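For reference, the structure is listed below as structure tokens.
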Amino acid sequence: MNSAPRNAGAARSVDRRGFIAACGLLVLLVVRMLGAADATRIFDIENIPVVKYVAVAGRNVTLNCPGVTEHSLVDTLVWRTSQTIAEYVDGGLPLVSSLRITLLPDNFSLHFNPAFASDTDEYSCLVNDRHSPDALVDLLVQDVPDPPGRPLVLSFTSRTVNLSWAYTQDPRNAPINNFVIETRVGENGEWDQVDPLYTNSNEAFYQVTGLVPFTVYSFRVIAVNELGHSPPSKESYYFVTLREAPTGKPVTTIAHNTSATSVYISWKPPPAETILGEFLGYRITYRARDKGTDDDVKEIYIRDSTVESHEIHHLETYTQYLASIQVFNPEGLGPPTTVLVMTDEGVPSKPLNLSVLEVTSTTIKITWREPEKLNGAIHGYRVYYVHQNQTLLHLPILKADAAVNSVYTYTLSNLKPYTDYKIIVAAFTKKFDGEPSEVSQRTDISGPSAPKVVNLTCHSQHELLFGWHIPQTYYNTIDYYIISYRNLEHSEYKDIRLTANSSIVETSMIIPNLTTNMVYEVKVRAASASVINPKQIILGSYSEPKKISLQLHCEKIPQPSQRQVYDDYNLAVLGGIVFSCFGLLLIVLSFLLWKKCFHAAYYYLDDPPACQGANTAGLIDWEAPCEVAGEVRGPIPVTEFAKHVASLHVDGDIGFSKEYEAIQGEALNDEYPSEHSQHPDNKGKNRYLNVIAYDHSRVHLRQVPGQKKHLDYINANYIDGYQRPRSFIGTQGPLPGTFDCFWRMIWEQRVAIIVMITNLVERGRRKCDMYWPKDGAEMYGVIQVRLIREDVMATYTVRTLQIKHTKLKKKKASQSEKLVYQYHYTNWPDHGTPDHPLPVINFVKKSTAANPSDAGPIVVHCSAGVGRTGTYIVLDAMLKQIESKGMLNVFGFLRYIRAQRNYLVQTEEQYIFIHDALVEAIDSGETNIKMDAIGGLVNNIDFIDNQYKLITSYQPKEINLTSALKSVNAIKNRSSLVPLEGSRVHLTPKPGVEGSDYINASWLHGFRRLRDFVVTQHPLIETFKDFWQMVWDHNAQTVVLLSSADNMSFLQFWPNESEPMESDYYRIRMVSETSENNYIVRNFVIQSIQDDYELSVRMFENPMWPDMANPRSIYDFAVRVHERCAQYRNGPIVVVDRYGGFQACQFCCISSLAMQLEYDQTANVYTYAKLYHNKRPGIWSSYEDIRQIYRILSYMPKDLGLLKCTELRTEFDDAAIMTATPDLYSKICSNGSINTHLNSGDGGGNGNDGVPTGNGTNGGLPMSGGGTTTAATIQNGGTVIVKMNGEDNDELSVVVATSNHLNLDHNQS
């Protein structure tokens, strides 16, 4: 039942309270002469005076004895009513009837201390045994009344009740003015004493109005007289007001489509006090927006009040629906909440009236009308044609701006003559291809090829005998021959038309009526009747014209030059054939010898239509369709790839399982020799026993003089890329015993890029050994490797290494050094595959693009050099195939490269990840935007809107929100913006307290680190301590506050300087508060209560960020925040806005993208925005949010310097290293450079590429960071440089490059 408070607007009686403010005893003396004696008097004496006293109960009152003064002689005195009250006899003590009563000795007045209402009476004072008093004393003592009787409920409705009660038993000498009625809501509620009801009169009846339906009430009554309020009566018996239809609306939280025919709606119920009856459930009504009649409305009743979501099915495709949700109780329905939701695009129906308009030998022109049911926004039409079971796709035809039922035409060209084609046309939307319409058509014939003339001789002096062979190529039949001849003295030909028979191979005829001793030119061509229009004759090509002089017994005129060319050509062909046969013989012999020596195991399938096995990888065309395990698989157009991947995902990824099993099955059947890997001297060079290098594709190290042959071995294989043989070298993570071999391979193969996709240790197991120097230079055999710089980013690190061959001859000294770049991906999880493919795609693109065109292969390794290595190589090849051909063949390429190194793409999970990553790559396209192109995209609404839709496409499931949706945590959330389970920030849990590890906060990555930011809502009063617990637990020393505190919903959650805040484990106090450039900076210290540890925290409050009117201030604020963070780079930056949404995430985005722009002059807005959405869905509400990020980036100043203080690196020589505190760092580094009180050195520095460009000795050492170098000289010329160490650059080292002393403010040496 409802327990809502009583309506404040209920009607009440007019307030007529009586009030007496008695500050002392009120005595009213009235002396009057009465003509008749009162019936209650003790003395029935006429005309006796009466003295009246009126008193208030609880106060003192004194009655004077009439006629007695201080000078009166009193022997006896008696005060009495109906009984004696006090008595006095001369010489004795006064006698009184009550301890409250005193007989005053001065004038024998009767004193009551205090007086009660029961003391009301008529008193007489008899002196010296008189029979009658001088006057009667009338005492009236007034008091608050007794409580009325229990109120009774006479009748009631949903909002009123009629009450009646018994009057008070004793009004206590003061009439009842009115009554006060107090109300209680619920069986155990509080009485409403602050705002009770007042009656207008002293009637014992009242109608209470303004009640809440279906609510438990009880009442009590208080009587009111001039003296005040009586005690409350007994409360009435409980009753429940009648029901009414609900007044509250549900609140819609989610409304989106789930398919082309269904939508999903979720809601929160209205407040319980608005249900006004038993909560029976919900009614959902819906209709298409464009259909406004009541007949079209459909309804669904959900008779379960706990349900808060529903999916509506069987809707029309791509249609806007108005859906209304109402609660209902037994009295009826509440007001509706209406939401507009649209079903998804579906499959368009068949195009109408597909037919053939025109046909030629190489073209077919078709026409059609748009489908009857569009089921979406038609983007265009795809035209396929099938020939000999091979399907080909013509380019999509974009939809023209035409009226409904417009006619489309399209011409298929480059077809083969006289060939049957099945033509398929299907409309397509953004998401689906529609149902196809089909038509079959045979192309027309083309003209026959030229006949071959075999005879031209004189038949007589007036006739020629002319013979020819049937054309080598013709279609259907040859119906006619046309012989053309002319006298060379005339330019015009004469034609003779013969009916032909295709079954006759050689035809001869006599050309009559010629002139003797004339030269004639004769040629012939065939002709065929069109199969489309039999009346049309299609002419073929002419034979080569032949010349002859007509005379008796003549011969064909020789043509020396042409004949000579023909003979020379024949000789060349003959010579080429002989040479080719000889070369082929050598190849066969070489192959047999090689097979005998190395036992190569190449096999070829006997069935020509099927694919060659993967064991012929060097010979097969992996881009062509082929049949494997009874299924034909081939390249897939990019427009079809997402649909293809979705089909593989159905039924628990069964399609992927089948494909991967087919690849695995081939690998088991193929046996490639790997004798060098199995050699006893080489087994120790293999990290894993079962991961070996095939002999036919392995990398051979160059022979060192005097070295055994097997010492040319390294566990590495050449692997082809897309249309580039030996594009990669796949290898294992180097072992300590193979470091020298690894670097020899890098040198000999002219490698410029090394790709590493593993961490050194994963899940406690050694995956790879550190084969590069941590600082300075190391020797690995004959190769010296020096670490030049190290750029650490969130998901990968780029190291610049200088390698030098120490054994090259002096004349080649200039070629003995070169730079190698190691791209080290650090975010591949220990188990499985990455959460999202975007960082991997970006890494693949960046690392492969860095390889110079004249460099050797890219070396790729993980731990074994097969799983992640194969994934990387397949992704690169497919991205290039997409760019080149607009299609891709993952299955075929993986089969192909598995013949070059075993186990590439080691798990089915990796195989699935490749497909999902390529779908993302196709959908998103190129997302790295160059700096000079950002401004042009701000007004490209279509581009930004498309990005926004892709960015926000992910919708979390309830399992992803387990902690956030728990009832114990629901009160900690301000809005529907809540953290996902995989990215939420955890607090230290309190034993036995459910939900104590929860706070509405999410981890977000930045440019440098995966956990660079914590985004959270403005704390609620219930979560103040949780917020500071998070800061304490995660060592967060920088807080950015983008919301402002008010006195209503968003309260101040930090302590003032005079009032510290305490928790069970720590104490927070404010140290200072200052204003800087439109923002406030506060410094806090959090001290541990249990041990000697404290944490300094700085808060930057800037509720006006971003100030679009002053773009420079946007970046200055970000720089200021990151400067502070650079001083104490242990924990994340905590970013707070009202709901942990757009503003906070925008700050993180802008900060990270500004660093990326400084680093490589590109910005990947799409990647940051999408990964942020995937960790905290709902932060981007419209495409304008994304557009504003582009707009802010377009204002970025070139001299920002945001990267300068985030990380300092240097090349190390033989300098001594000592640890420095963050305070020393802040003294040395300010705003990204060495502080001015440390003098800059003058020596050599770095060029823009981080390579030392000078040779100074006492000057600045090369430092990397902003691309320039600075060193500081201190005290007696010593030089100091600073380096950030540690996995997250959270250790600071100071390097003293000379023997001079370094004086520090701290106690360090």
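Glycine residues also receive a Cβ, built from the backbone N, Cα and C atoms like all the rest.
ASN353 is the residue among ASN353, ASN973, ASN1000 that Swiss-Prot labels N-linked glycosylation site.
Screening ASN107, ASN1047 against Swiss-Prot annotations picks out ASN107 (annotated as N-linked glycosylation site).
Feature annotation from Swiss-Prot across ASN162, ASN960 places N-linked glycosylation site at ASN162. Non-local contacts of ASN162 (N-linked glycosylation site) by the CB criterion (under 8 A, 6+ apart in sequence, same chain) comprise VAL153, LEU154, SER155, PHE156, PHE205, TYR206, GLN207, VAL208. When Cβ atoms from all protein chains are considered, those within 10 Å of ASN257 (N-linked glycosylation site) total 21, not counting its own. Sequence-distant neighbours of ASN501 (N-linked glycosylation site) (same chain, 6+ residues apart, CB-CB distance under 8 A): ILE478. Summarised by DSSP class, the composition of the domain 'Fibronectin type-III 4' (450-553) is 0 helix, 54 strand, 50 coil. Look at the domain 'Fibronectin type-III 1' (147-244): DSSP puts its residues at 0 helix, 41 strand, 57 coil. Just so you know, the Cβ of ASN353 (N-linked glycosylation site) picks up 11 other Cβ atoms within 10 Å once every protein chain is counted.
In the three-state DSSP scheme, ASN257 (N-linked glycosylation site) falls into the strand class.
Here the candidates are the glycosylation sites ASN107, ASN257, ASN353, ASN455, ASN513, and by Cα distance the one nearest ASN60 (N-linked glycosylation site) turns out to be ASN107. Annotation for the glycosylation sites ASN60, ASN107, ASN455, ASN513: lowest Cβ count within 10 Å of the residue's own Cβ, ASN513. Across the residues of the domain 'Fibronectin type-III 1' (147-244), the predicted structure has a mean pLDDT of 92. Closest by Cα distance to ASN353 (N-linked glycosylation site), from the glycosylation sites ASN107, ASN257, ASN455, ASN513, is ASN257.
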